[in-house]
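**Q** Marked as NAD(+) binding site by TrEMBL: 10-38, 73-74, Asn78, Thr104, Lys254. Feature annotation from TrEMBL assigns domain '6-phosphogluconate dehydrogenase NADP-binding' to 12-170. For 173-299, the entry in TrEMBL reads domain '3-hydroxyisobutyrate dehydrogenase-like NAD-binding'. Residues or ranges marked as active site by TrEMBL: Lys179.
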Amino acid sequence: VCSRAMASKTPVGFIGLGNMGNPMAKNLVKHGYPVIAYDVFPEACKEFQDLGAQVTDSPADVAERADRIITMLPSSPNAIEVYTGANGILKKVKKGSLLIDSSTIDPAISKELAKAVEKMGAVFMDAPVSGGVGAARAGNLTFMVGGVEQEFDAAKELLTCMGSNVVYCGEVGTGQAAKICNNMLLAISMIGTAEAMNLGIRLGLDPKLLAKILNMSSGRCWSSDTYNPVPGVMEGVPSANNYQGGFGTTLMAKDLGLAQISATNTKTPVPLGSQAHQIYRMMCAKGYALKDFSSVFQFLREEETL
């Protein structure tokens, strides 16, 4: 408690205040950490100014003011820009700084960033998350952490303010590896749940009854019992809100693309992962890009000839 009380007086930088970054940074504030924030969209920072956080003009400015920084960005190119760009973190990073990237990006990119950070005398760890926006708000995320094991406790101190599970996976890149495997399975199970629910409804079953049966049977999974894709079956999930919020289809397509690259590089057969990737890419092309990935149920109902 004493060490945390002392540490909490040291500012923490947070870059990327989107659907996930916003509630994550708020949980740091709730735990007493002074936050120094940056987002490419200035309007995303206004809420944090109202909470007493400092807002900066660039990632470099964050690095100048904080020696512990968390980044939460949409993709590999965004991460490369934030760390190594003209106004990136590495322009003003202090020696000994701890940089934690919670974005979901290519494990190879994480390794490249770690090397660039190490040259500046700082420490880089990849710590992607699972759990979605709801878990981010509740502080119940799962963090999968890759990096130097001696730095894990320092990272865990911050990450436990935002998550209930913080797991050390191994060297840099292994956190990303765990995340893309998880999301490939999630995509496959969501499509399977949507297919089963759609078939059952067309066979005359009430969707709530079918969901209840699945969730007490061997077909039960997170997509069926916690994040059901059928409107009206569950409250408080994107399917109950026209698939708004949650985890966007375009992000799922991106993560499945990362899984495909990794599978190709390791000569690993992933036939269902590949099929899921194609389905989510088609969804992006047909107007579902900004909807939650559980909208695959709606997509399947409209694509009878798929």
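Every residue, even glycine, has its Cβ placed from backbone N, Cα and C.
Note that TrEMBL annotation is computational and uncurated.
Burial and contacts for the listed features, if you can.
**A** Taking Cβ-Cβ distances under 8 Å and a sequence gap of 6 or more within the same chain, the neighbours of Pro74 (NAD(+) binding site) are Gly16, Gly18, Ser103, Leu251, Lys254.
Over the domain '6-phosphogluconate dehydrogenase NADP-binding' (12-170) the predicted model carries a mean pLDDT of 95.
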**Q** Sorry to bug you, but what's the C-alpha spacing from Lys179 (active site) to Lys30 (NAD(+) binding site), rounded to the closest Å?
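**A** Answer for this pair: 26 Å between alpha carbons.
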**Q** If you count the C-beta atoms lying within 10 Å of each candidate's C-beta, which of the binding-site residues Ile15, Val35 ends up with the smallest number?
**A** Val35
**Q** To the nearest Å, how far is the Cα of Ile15 (NAD(+) binding site) from the Cα of Lys179 (active site)?
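**A** Cα-Cα distance, Ile15 (NAD(+) binding site) to Lys179 (active site): 20 Å.
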**Q** Would you kindly give the Cα-Cα distance separating Thr10 (NAD(+) binding site) and Lys179 (active site), rounded to the nearest Å?
**A** 29
